[in-house]
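**Student:** Okay, here's the structure, questions in a sec.
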Amino acid sequence: MRAGDESETSITRPQYPGDDTRPTSKKELAGWYSYGWAAEVFTVCAMGSFLPITLEQMARDRGVLLSDMVTPCSATLNGPSKTSTQAQWTLSSRYDTSGPSGVSPCVIYIFGVEINTASFAMYTFSVSVFVQAILIISMSGAADHGSHRKLLLVAFAVIGSVSTMLFLGVVPKLYIVGGLIAIIANTCFGASFVLLNSFLPLLVRHHPSVLGCVCESPSALDDSRAQEGHSDFTNNIDHGIDSDATSPLLHAHRRDSENATDMHPATTITVSQELTLSTRISSLGIGIGYIGAVILQIVCILVVIATNQTTFSLRLVLFLIGLWWFLFTIPAALWLRPRPGPPLPTVYRGKHTRSWIGYMAYAWKSLYRTAVRTRHLKDILLFLAAWFLLSDGIATVSGTAVLFAKTQLNMQPAALGLINVIAMMAGVLGAFSWSTVSRAFNLSASQTIIACILLFELVPLYGLLGFIPAIKSLGFLGLQQPWEMFPLGIVYGLVMGGLSSYCRSFFGELIPPGNEAAFYALYAITDKGSSIFGPAIVGIITDRYGEIRPAFVFLAVLIFLPLPLMLLVDVERGKRDALALAAELQPSGAQTYGTLPGHEDHAPPTDTTSDVVSLTKDSFKDFMKEHDLVLAEFYAPWCGHCKALAPKYEEAATELKGKDIPLVKVDCTEEEDLCRENGVEGYPTLKIFRGPDSSKPYQGARQADSIVSYMIKQSLPAVSTVTEENLEEIKTMDKIVVIGYFASDDKAANDVFTSFAESQRDNYLFAATGDSAIAKAEGVKQPSIVLYKDFDEKKAIYDGKIDQEAILSWVKTASTPLVGEIGPETYSGYITAGIPLAYIFAETKEERDQYTEAFKPIAEKHKGAINIATIDAKMFGAHAGNLNLDPQTFPAFAIQDPEKNAKYPYDQSKEINAKDIAQFIQDVLDGKVEPSIKSEPIPETQEGPVTVVVAHSYQDLVINNEKDVLLEFYAPWCGHCKALAPKYDELAALYAGDLKDKVTIAKIDATANDVPDSITGFPTIKLYPAGAKDSPVEYSGSRTVEDLANFIKENGKYNVDALEARSEKVEEGDDVSASPSATSTETEAPAATGDEKGDHDEL
């Protein structure tokens, strides 16, 4: 059984106004990475190196010697040695107030208070962290709600980078200004990184590999479509129509099957799909940031040396750091999508402007409520406690190492700088390599963090070896020689890289959805606030014993303390608790976002009593026996589709409660046997029960009103009886009601209508009457059919031949608005209408309304020949790419012919007006316009054993030849396709010799090429036999080399037996190296996994 989605559905159904549900694009990820590359240099190069030095030196230039309180301190940095010594003293002064030998302490007076110049930088840093915490909390409301997330990120980045560049003009007498600028820069850096981190869960949640790769076997394909909402807009939008998966819309519902496993996530899924992806993205971001920091750090060192290491040199370096930060923020500003959050509940949305005071007040209130309720989030509390100790350990080890190396190993500044660069480079390696290690050893995220902690523990333990007399007598080992610092620097960097990426992504998994910025604020505060305690304790120990080495005992204990806490963290439990808290913080769920302007205070109060009944194995059968009709949802708490469905399902349950149609749910993580008995193969699975032993798939849309409408239809007979009393009620029971007016003795017409109603009862509500008086009152003659609707002319009359096929064609046409709107509930109807569909992409409702009125005469003229509909370009604009339009340029127009799988994009450089579009439509219908075909370039040479086909070579390589051609339609992101690739290469190798003139093994990237075939899942494998190319045979067996070869033998024209030919070659001693695993295929284990059963990554 395959697990369902672990993340939010994408652009299928926005959860609130402005919800950007488009799948994460490569460009958007590049924007996220770009900011890490831009800003990480500030913390590494500025805060970690040059900013403290600069602040100390500028203060020193205005200070006096502590020894006599009169003599001015040195005004310049005169040499390399002195610069580095003072720098190290500055960084170490928080632990050792005596300073290095040869450097006299200096003091300054700020508002009459005597302050050590070395402490000036530390106080500046402390103030900036305090201001940063206040700011992070205050702006979290605007970050999580409304459309300000990206705006705030860019604003803080610009202010922070410009502030850093302003150091170039700060002379020593303005050292106070320098401190203020440093506070602003560091505050903005911290705030911007909290905002950047708040994007991470959203990028993961909307990532193509998470959003919708529904893995189903062919035998379950029909059910799975219903289960996964295939009557909904985006889950159908490419189904059997367009294999263009390069469009984000198609990407929106695939899930890489490498992560699609058994339904029991707690026992068989070691690392959840979202967490795996989150860690990978986070690791790459950390690694990219470290690379940028190392590059700029080296450049800065060279600049300082080249400019004689004066105060100006340091200010110039800070300018370069700020410039780097500013320039590389630009790609982030351009490529990151705003990803707005839900509207702020406490701000009246009827106003044109929103009060920032309102956002701040909401943020602080939310923090208080969240802090109170977070006590119920056991796993977040455990993690934050562990992270607090880890952060303290990291900061303390870093500072202690510098001080120990300088004071007890007498290492020179250049060597200390080299250790820093080596540690950063190791950090880059750690950020990239830990995910590989975790996959290789099948480690969960918490286990990987624990592994980092254990590795980190080696640093203080190694230092403690110096206490052992036998080792001490050696004169090396146990940190007795300077060279021993270098390998420990590598260990420190590896651990830093791993912890930075894994802890951030791991914490993201535990955050209640919709509260990313607020919880990352807690994460940042825990991180920054922890570094007060460890260094202070190390200082006390050092003062007590006169040396640093005894502090290694404390460091060993400090690093060990997070270990038991991390062992107690349960990510699955944490995610469930987070969802529960999210529901509590936003009690009315998605409905809150739909509150009418001005009515926010009248939102329904929290109701802890759900109208959805939770069933277990013990209660399931009895409940089904007690109710005639039940809709059951089989779900998993971590499933994204289930999360999206929950508020809608609850709303439908409330409405249907009064009609005695109960909605129930079963948690498949708790009731595994019950779900297995009911054939659940994905989440959520919706089934209609008429008793415990009679069920069928729910095939409606997953919207509240759709569920209500669908279940009401199920509760009624296929054809209801119309009377004078109930006619008006029946006519308005649904959006579309079909009533047959037949004479009571017209058995043939009544039978045809009843049979038709039975076949279409899931789609329409049917009724009939034999009363001629009612027919006369409605202005129709018997026999006639009337379709009542709540749009256009309100009703349509059919008086043609009483034939099911003719009636169906008429109903589809009559039930379609002249110019409708494409959305989740309408798309399926448009596509199955059997005629071309014309799209009008427009970004605003006003534009769409204007086009609707302008195009109605055109729609009326071509009614029955083509459907015309508008589509929200902001919400569903990515689908324009499917139609070979530029998905960034609107308004736009295109025609799609599902029957021919043809697309006709209208020239986007031309204006869209009724006259020109009318002519374009006419030309398309007349066959005067060539369809647009997307194709990769034809390969100049075929490199591998498998022939690569593209759209422009499809006819030559597949159709117009006398070969049996086995063609795989694949998608680059498809996990099943990746698993098949080596076997498919092996299969191709079997036919590469003497058999190549009869059989071709080929593949085509169906996401990058338009193909005439209808593809519903990846991989799809079809055999085009020679002489029967118009009747391809689709493969549905196990994906082993042996079975595929037998399929070609049995269905191809030439009946080629490649396996026998290979065996003969082996017996004759011929070289069969082209088939490296030839012998393994014969003894391959029976197909047991999804990949072996022929599962699809469905479109």
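Cβ atoms are placed via backbone N, Cα and C, with glycine included.
Worth saying up front: this structure is predicted, and the values here are computed from it rather than measured.
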**Student:** Identify the transmembrane segment range according to TrEMBL, selecting from 488-507, 968-987.
**Tutor:** 488-507
**Student:** Give the nonlocal contacts of the transmembrane segment (488-507) in its own chain as ranges (CB under 8 Å, at least six residues past its ends).
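**Tutor:** Those are 197, 200, 275, 278-279, 281-287, 290, 380, 383, 387, 390, 394, 397-398, 401, 419-420, 422-435, 445-446, 448-449, 451-452, 455-456, 458-459, 462, 479, 519-520, 523, 571, in sequence order.
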**Student:** Which range out of 32-55, 174-196, 284-306, 312-336, 548-569 gives the transmembrane segment (380-405) the most CB pairs under 8 Å?
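**Tutor:** If we count Cβ pairs closer than 8 Å to the transmembrane segment (380-405), 548-569 scores highest.
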**Student:** Where among 32-55, 151-168, 284-306, 417-437, 548-569 do we find the most Cβ pairs under 8 Å to the transmembrane segment (449-468)?
**Tutor:** 548-569
**Student:** Can you tell me which parts of the same chain pack against the transmembrane segment (548-569), counting only residues 6+ beyond its ends and a CB-CB cutoff under 8 A?
**Tutor:** 379, 382-383, 385-387, 389-390, 392-393, 396-397, 400, 403-404, 407-408, 446, 449-450, 453-454, 456-457, 459-461, 463-464, 466-467, 479, 534, 537-538, 541-542
**Student:** Any contact between the transmembrane segment (417-437) and the transmembrane segment (284-306)? By contact I mean 3+ C-beta pairs closer than 8 Å, pairs at least 6 apart along the chain.
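**Tutor:** Stretch pair touches.
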**Student:** Ten-angstrom check, please: count other Cβ atoms within 10 Å of the Cβ of C974 (disulfide bond), all chains counted.
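**Tutor:** Step by step: centre on the Cβ of C974 (disulfide bond), count other Cβ atoms within 10 Å, giving 28.
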**Student:** Within 10 Å of the Cβ of C642 (disulfide bond), how many other Cβ atoms can you find? Include all protein chains, please.
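**Tutor:** C642 (disulfide bond) is surrounded by 25 other Cβ atoms within 10 Å.
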**Student:** Using a 10 Å radius around its CB, how many other CB atoms surround C977 (disulfide bond)?
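**Tutor:** Neighbour count, Cβ to Cβ under the 10 Å cut-off: 25.
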